[in-house]
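Undergrad: Copied straight from TrEMBL:
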type	residues	note
TRANSMEM	26-50	transmembrane segment
DOMAIN	42-291	domain 'G-protein coupled receptors family 1 profile'
TRANSMEM	62-83	transmembrane segment
TRANSMEM	103-121	transmembrane segment
TRANSMEM	142-165	transmembrane segment
TRANSMEM	201-223	transmembrane segment
TRANSMEM	244-262	transmembrane segment
TRANSMEM	274-293	transmembrane segment
Amino acid sequence: MMWGNWTIVSEFVLVSFSTLSSEVQALLFLLFLTVYLVTLMGNILIILVTTADSALQNPMYFFLRNLSFLEIGFNLVIVPKMLGTLIIQDTTISFLGCASQMYFFFFFGAAECCLLATMAYDRYVAICDPLCYPIIMSRKACAQLAAASWFSGFPVATVQTTWIFSFPFCGPNRVNHFFCDSPPVIALVCADTSLFELEALTATVLFILFPFLLILGSYVRILSTIFRMPSAEGKRKAFSTCSSHLLVVSLFYSTAILTYFRPRSSTSPESKKLLSLSYTVVTPLLNPIIYSLRNSEVKSALRRVILRTLGPQKL
């Protein structure tokens, strides 16, 4: 349909991995399906174990549960549609479906950035000010910090998505990505988007770069405190409490910053897809693995939960 000089686009086509052969796409489907199922089961297991075991009822594991919920949401928004494009070549997505996918991608992404910063603050207080830790990180304070992290996703998702989909689209509707991210969608707009791009850069700085700088500052103080500890055992324990979080942060932010802070001309669409895969598919998979395999408390809690569930006589 036409409205003035504009074509009203009712659906988009996700290019996804259509340039690859059908055999390669089938292999990718099996790989991503396996990763998807392992990610869901791993994060659900983290939630169940940290909820059921009384030894894990502290702020660090409270925030870890929230992170697992975010990762599950992140996966549900992106991966099922990507699997559909690979196995049944269902590459079309409705206008509303594209807007909804972008909205929840922004929502979960911004919330995760803020939650990772909150987790860094929790580790900072635990290591740098342990005597005041129970007071500063009280149950009420933890609930407020978690709620603030979740709520931070609403404004950025609402403003970004509403603004993008209020632009006119004049016909080309092929999104050169495996999901509706803002850069490939905004490339289809037939209007001046310079003001939106300025706002998008500001939002990216606020919700990606600023939390990252807060995390970096927290870990500078944490490492400084650890190195001043006289006991080697104390240093080891302090490192072990924050190493998992630091590894997750490094994986998530390194790829996100490379994706959204590099000039458009310096990165090809295919390389952007690979970078996006790392923080939309790989990082959610690694989170439960890192926090379970590298954390003796989680492994011990898992054994206790299994013992209570199955009973000693069944083991």
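Cβ from N, Cα, C; glycine included.
Neighbours and distances for these, please.
TA: Away from its own ends, the transmembrane segment (142-165) comes close to residues 59, 62-63, 66, 95, 98-99, 102-104, 106-111, 113-115, 117-118, 121-122, 182, 185-186, 189, 196, 199-200, 203, 206-207 of its chain (Cβ-Cβ under 8 Å, at least six residues beyond either end).
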Undergrad: Out of 26-50, 201-223, 244-262, 274-293, which stretch has the largest tally of CB pairs under 8 angstroms to the transmembrane segment (103-121)?
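TA: So the stretch in question is 201-223.
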Undergrad: Short question: most Cβ pairs under 8 Å with the transmembrane segment (62-83), which of 26-50, 201-223, 274-293?
TA: 26-50
Undergrad: Would you report the average pLDDT that the model assigns to the domain 'G-protein coupled receptors family 1 profile' (42-291)?
TA: 86
